[in-house]
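Undergrad: Below is the structure I would like to discuss, written out as structure tokens.
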Amino acid sequence: MQSSDRDLSGPEASPSVMPEVLSECSPAPTKSTAFDLFNLVLSYKRLEIYLEPLKDAGDGVRYLLRWQMPLCSLLTCLGLNILFLTLNEGAWYSVGALIISVPALLGYLQEVCRAQLPESELMRRKYHSVRQEDLQRVRLSRPEAVAEVKSFLIRLEAFLARLCYTCESAYRVLHWENPVVSSQFYGALLGMVCMLYLLPLCWVLALLNSTLFLGNGEFFRVVSEYRACLQRRMSPKQEECVCEGSALQDAGGRAVVLDSTPAPTPTEDLTPGSVEEAEEAEPDEEFKDAIEEDDEGTPCPAEDELTMQDNGFLSKNEVLRSKVSKLTERLRKRYPTNNFGNCAGCAATFSVLKKRRSCSNCGNSFCSRCCSFKVPKSSMGATAPEAQRETVFVCASCNQTLSK
């Protein structure tokens, strides 16, 4: 400890020498520049203003390629193809000079004719999103600045996400992660090289232009819409022709039927009422069964009132139960499960003589022979007192099931 104290108290560690040594060893501290996020937003807006003409041009090209106005897109495609195929070398140089001179002239006229607005007018109108000078002059409030920063961050995040997705897609194509897409990409490149070598430049440009306009999905969408419109315009005429043809066929069929019917004798009366009376005069078994079924299925209200008077001791619940059982039976008869026109038992085809009869239990359609078994309604779960004596028609299988 003493030796160290002596070393520090020696001439090498004198106070006059120490500041010089420290000044030589430590560099001067530099002032760190602070990061201003709002200045970044202003720079981004200036960049948007600079690139606004290019953005408008891109929007116009996309508008034409998407066939939003089919006539303009078609005229543009045809006009560009004609220019590519007909212009010679001198004409191309003239077109290039025109493309250079027109933006220069427009920029000069815009700068000359622009009105100089005072700062107070800029502050009053909040004209900060039009020109870069306005962005430098106008002072935004804190909420407006925060909103601008948030909007910038959202756009930046979306741009970075799209850029990352594009890079990943290119990486997959270059590394053959999807062989089909990679083969298509390299095949297209080789085809373009061969096309540039074999065909003139004007033909290459015409083919490229036609591919851009006619090879996208929007073109096929427009074509399908126009095709559907033409079909709708032509369909009324076709419908009129079809209606006329069907009317002629109906008229011819009626004439044939009238010719084939025998001539009535003077003693016969062929009015609808007399025909029905003649048909109902001698009903066979099937008609008798059908008539019995209809009579039993639709009882008259007078009989219901009489039964209610006779059975005065019935409660309201029993009356409701009887009505519910009748309604379910009618629904079963009205909506049979077999609607194919054949008997579910013997497969006989229903006709005027072979009438359809629905089983009151399963609801299937049978002929009068297969559905000729009568069982009381109480066997199917009906609780009304009338169900003990009322019977309904069921099929053979349901009769066996209900009889057990």
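Cβ coordinates come from backbone N, Cα and C, glycine included.
Pulled the feature table from Swiss-Prot, pasting it below:
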BINDING   CYS359, CYS362, CYS395, CYS398  Zn(2+) 2 binding site
INTRAMEM  188-208  intramembrane segment
REGION    286-292  region 'Necessary for interaction with VAPA'
TOPO_DOM  1-63  topological domain 'Cytoplasmic'
TOPO_DOM  86-90  topological domain 'Lumenal'
TOPO_DOM  110-187  topological domain 'Cytoplasmic'
TOPO_DOM  209-404  topological domain 'Cytoplasmic'
TRANSMEM  64-85  transmembrane segment
TRANSMEM  91-109  transmembrane segment
ZN_FING   337-403  zinc finger
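Could you place these features in context, so I can see how deep they sit and what lies close by?
TA: Classification of CYS362 (Zn(2+) 2 binding site) by DSSP places it in coil, neither helical nor stranded.
Here the intramembrane segment (188-208) has long-range neighbours at 80-81, 84-85, 87, meaning same-chain residues at least 6 beyond its ends whose C-beta is under 8 angstroms from one of its own.
Taking the topological domain 'Cytoplasmic' (1-63) as a whole, pLDDT averages 64 in the prediction.
Broken down by DSSP into helix, strand and coil, the topological domain 'Lumenal' (86-90) contains 3 helix, 0 strand, 2 coil.
With DSSP classes pooled into helix, strand and coil, the tally for the zinc finger (337-403) is 16 helix, 14 strand, 37 coil.
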Undergrad: Hey, what's the Cβ neighbour count for CYS362 (Zn(2+) 2 binding site) at 10 Å?
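TA: Counting Cβ neighbours of CYS362 (Zn(2+) 2 binding site) within 10 Å gives 17.
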Undergrad: Which has the fewest other CB atoms in a 10 Å radius around its CB: CYS359, CYS395, CYS398, the listed binding-site residues?
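TA: So among CYS359, CYS395, CYS398, the binding-site residues given, the one with the fewest Cβ atoms within 10 Å is CYS398.
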Undergrad: Please give the sequence-distant neighbours of the transmembrane segment (64-85): residues at least 6 beyond its ends with Cβ less than 8 Å from one of its Cβ atoms.
TA: 202-203, 205-206, 209-210, 212-214, 216, 218-219, 221-222, 226
Undergrad: Same chain only, please: residues at least 6 beyond the ends of the topological domain 'Lumenal' (86-90) with a C-beta under 8 Å from a C-beta of the stretch. Say none if there are none.
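TA: Residues 202 contact the topological domain 'Lumenal' (86-90) from elsewhere in the chain.
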